[in-house]
Amino acid sequence: MNTSVPPAVSPNITVLAPGKGPWQVAFIGITTGLLSLATVTGNLLVLISFKVNTELKTVNNYFLLSLACADLIIGTFSMNLYTTYLLMGHWALGTLACDLWLALDYVASNASVMNLLLISFDRYFSVTRPLSYRAKRTPRRAALMIGLAWLVSFVLWAPAILFWQYLVGERTVLAGQCYIQFLSQPIITFGTAMAAFYLPVTVMCTLYWRIYRETENRARELAALQGSETPGKGGGSSSSSERSQPGAEGSPESPPGRCCRCCRAPRLLQAYSWKEEEEEDEGSMESLTSSEGEEPGSEVVIKMPMVDSEAQAPTKQPPKSSPNTVKRPTKKGRDRGGKGQKPRGKEQLAKRKTFSLVKEKKAARTLSAILLAFILTWTPYNIMVLVSTFCKDCVPETLWELGYWLCYVNSTVNPMCYALCNKAFRDTFRLLLLCRWDKRRWRKIPKRPGSVHRTPSRQC
């Protein structure tokens, strides 16, 4: 991801001197070719995964999709054209191709850094202003922000690169070389690097620190909430009052075995429900908001067959309850007329907070991986920019070339960061690479009334 002044077009960079040995040329060509292939393949996997797996179509992943588009441009055009430039020792494709390459490279680079800023601000506001911000956080709004980022990048760089020679009345770029004409002075290159790299990195690191602090505060609050529940967990007073079931109320003759099985079932169902929600949101970087809007007083009725028992005594059925019905309250609702609901409400609140905290930590982990890769790959070049401002000839040509390619390697690393930190991306990549992806193998499983969750069938 080329996010500041590319070393390839800096006046401090010279092309490979003629006379390089054939083995050196072969090594450079093979290495850069493999890097380009890996970059294109990885980012194409991101785009295809987003298309075929609906679980990945979340608001925050739209920003990753835009980032992958910029990286794909870098891997397809920038890497290969610069490799040609290095191996030939001069620019042989003409001035128009040079300006178009530079414009495309800079627009994609600036769009990349702006997408990183969007991701950082999105995570920051999601954590610090969960109610007000998430109400406005829609795919349409995310697409608008991404489009604006690309438009601003285009307006900032493309006209200046393409038309500067006409504004000043002449083209001063030396024959056989390719660089931006108005960046011919080191001090201008330095100012551009400060605005395009150091300032955004400072903002992103500050936002990440705030996100980390807020997440830690939530973890402490959750620990305190769970600690306050501990004394009430031994009584089990809510097990009979929260559910209406056969033999659960006022029937001392109920067989213990049957009652025990019935009482265990809702807990198993509830645990499955939470596990299923967590699996669904494994690939999502959004925070839990839907459960906040559930209407109090509502209940979920789960139909399940009763377990037959051989030594079963006749029991008295409670009024208005079918033998195979188990009722449990929704996350914020309570079973009408039930007793002991306060501990149950606290338990659900703790689970909801735990689930939200886990998702926030996953999102922060992905952001930290992308940000770390960006800093590690772009810092060496930008340090050289600072040095060259005060000492023009202090940076060897080889270091400029390595610093440049290290910048491009960031576009190769980004898809690996998505797969490393996001299980949904990782599983989808694996199925695509093994040619085992088949939409017909995906089945719909109801997660809660009115919602659908897609999970791969066992055949996958």
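From the backbone N, Cα and C atoms, a Cβ is placed for every residue, glycine too.
According to Swiss-Prot, the cysteine that forms a disulfide bond with C178, out of C98, C205, is C98.
According to the topological domain annotation in Swiss-Prot, T138 and C391 sit on opposite sides of the membrane. Within the set S10, S254, Swiss-Prot records phosphoserine at S254. Between the disulfide-bonded residues C98, C178, C178 has the most other Cβ atoms inside 10 Å of its own Cβ, all protein chains included. Neighbour count (other Cβ atoms within 10 Å of the Cβ, all protein chains): 25 for T428 (phosphothreonine). Among the recorded stretches 23-48, 63-84, 96-121, 143-164, the one sharing the largest number of Cβ pairs closer than 8 Å with the transmembrane segment (367-390) is 96-121. Across all of the topological domain 'Cytoplasmic' (122-142), the predicted model scores a mean pLDDT of 89.
Listed stretches 63-84, 96-121, 143-164, 398-420 were compared with the transmembrane segment (186-209); the greatest number of C-beta pairs under 8 angstroms is found for 96-121. It is 38 Å from the Cα atom of T428 (phosphothreonine) to that of C98 (disulfide bond). If you look at the transmembrane segment (96-121), the same-chain residues 6 or more away from its ends with a CB under 8 A from one of its CBs are 1-4, 6, 8-9, 60, 63-64, 66-67, 70-71, 73-74, 77-78, 81, 145-146, 149-150, 152-154, 156-158, 161-162, 173, 178-180, 196-197, 200, 203-204, 207-208, 367, 370-371, 374. Counting Cβ pairs closer than 8 Å and at least 6 residues apart in sequence, the transmembrane segment (23-48) and the transmembrane segment (143-164) reach fewer than three and form no contact.
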